[in-house]
Amino acid sequence: MCGTQDTTLHLSCLLRLLLAVTVSQTFLICDDLDSFEESWSGGSQLSGWLRKLACLVRVPLHSTLPHPHPTAGRASREQLTPAAAHVTVAAPSPAPCPRPGWTLSGAPSGSGTSNDNSDSEAKPSMGQLALYLLALRANCKLVGGRKGGRLVSQLKRFLEDEKGAIGHHHQGHPHTSYYQYGLGILALCVHQKRVHDSVVGKLLYAVEHEQHLQKGHFPVDTLAMAGLAFSCLELSNLNPNQRNRITVALGRVQEKILKAQTPEGHFGNVYSTPLALQLLMASLRPTVELGTACLKAKAALLASLQHKAFQNPLMISQLLPILNQKSYVDLISPDCQAPRVLLEPATETPSQTQVPEFIHVTLKVSSIFPSYRHSVSVPVGSSLEDVLKKAQEHSRFRYGTQASLSGPYLTSVMGNKAGEREFWQLLRAPDTPLLQGIADYRPRDGEAIELRLVGW
């Protein structure tokens, strides 16, 4: 295995960030489900997110949850450029939950066009519901009772809907993604909730055949999530009729992830590496090759941390368990007796007021006619999303976004919406795809960023 030594940092603290992926939705505390202890306090590089208060997801159980948006989360972080997640965790001191209508992003979902009329109490998607169940288990809670049972039933309905979208002959695609499909199975598994063999079978078939996927294969993070689901199912033996297929598929996933390791040590890329490492850490079949690959990947991650590569809270939530030698599969039997640790607040020295420096970024859109090109001036440290907003203020540029598990991603540019099996790709000119999303990527002075409509 990648590592097994015990530490004092409780896994529930690490996975508390899972709760935070709420993507511009409004969530309140569940009345009948015990809330998490608000034990986080801001500190170190995470202080910006840890100072914000999170309330738990409240799923209104008197109503039916809608289907996820057809395009939301369809592609993983290697298929689509990842976007920034809106993260909140417990504050250093008690604070009330936000009133209905308060969004975690500070702006309506799809804020690019500023004409969003979405319901402020929008219901959670399949992925969000799955993350909530994982967070409950991380806090030693087994979902139960009337409301808990409805949460489980709703997630199972989501999976059944996705199974129907894939189709009997596997010719279709999930409404969301195979990443969220695997996440849903994993979340139910750690609560010892069985899903039908046919639901598991769809994920098994996808891994076995890898058809109708971008470039003919699963991205590493999608493979890793599927593998984590299979690992949980294998350990729990919830689907004994599928056990042999699960074991074979798990070995196939592990083999493909190992083959995807780059010379630098990453599995796929830096952002898919934490989830891949979680899977390899959970392996019941450790080998010398696996151990060597894990050590190399950990060294690469530590080097990336030195360069502050991990700014996206969702990425951080997948990285923290690795640093504690844990994986989501450990939630089958979390160590509820381990001591919990509070993060110490960072001491901040007030800085003198300085005149902000500005950079110039060129924004290009060549997938439309006439093409668009405009230079934008923004303060140093601005995100690509800031560049888009500034361009919208002072030119004919327009854009729209859609929330996903990892944050907002572009859905339309200059009135041109991405169609079925299309997405707006972010590139640093001339042809370097960005690995971060619009809210995470910080352009440098003189860079040219192209928005390109591509198929997948």
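Note that Cβ sites are derived from N, Cα and C of the backbone, with glycine treated the same way.
What TrEMBL says about a protein is an automatic prediction, not a curated fact.
Because the structure is a prediction, the values reported are computed rather than measured.
Taken from TrEMBL, the feature signal peptide covers 1-24. Annotation source TrEMBL lists region 'Disordered' at 90-123. The cyanocob(III)alamin binding site annotation in TrEMBL covers 176-180, Asp221, Asn269, Gln318, 409-410, 424-426, Leu434, Trp456. Feature annotation from TrEMBL assigns disulfide bond to Cys189-Cys232.
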CB neighbours of Cys232 (disulfide bond) within 10 A?
25
What is the interatomic distance between the Cα atoms of Asn269 (cyanocob(III)alamin binding site) and Cys232 (disulfide bond), given in whole Å?
25
Number of Cβ atoms other than its own within 10 Å, given for Trp424 (cyanocob(III)alamin binding site):
24
Least Cβ-crowded entry, counting other Cβ within 10 Å, from the binding-site residues listed as Tyr178, Tyr409, Trp456:
Trp456
Using DSSP and collapsing to three states, where does Cys232 (disulfide bond) fall: helix, strand or coil?
helix
Could you check the binding-site residues Thr176, Asn269 and say which one's CB has the most other CB atoms within 10 Å?
Thr176
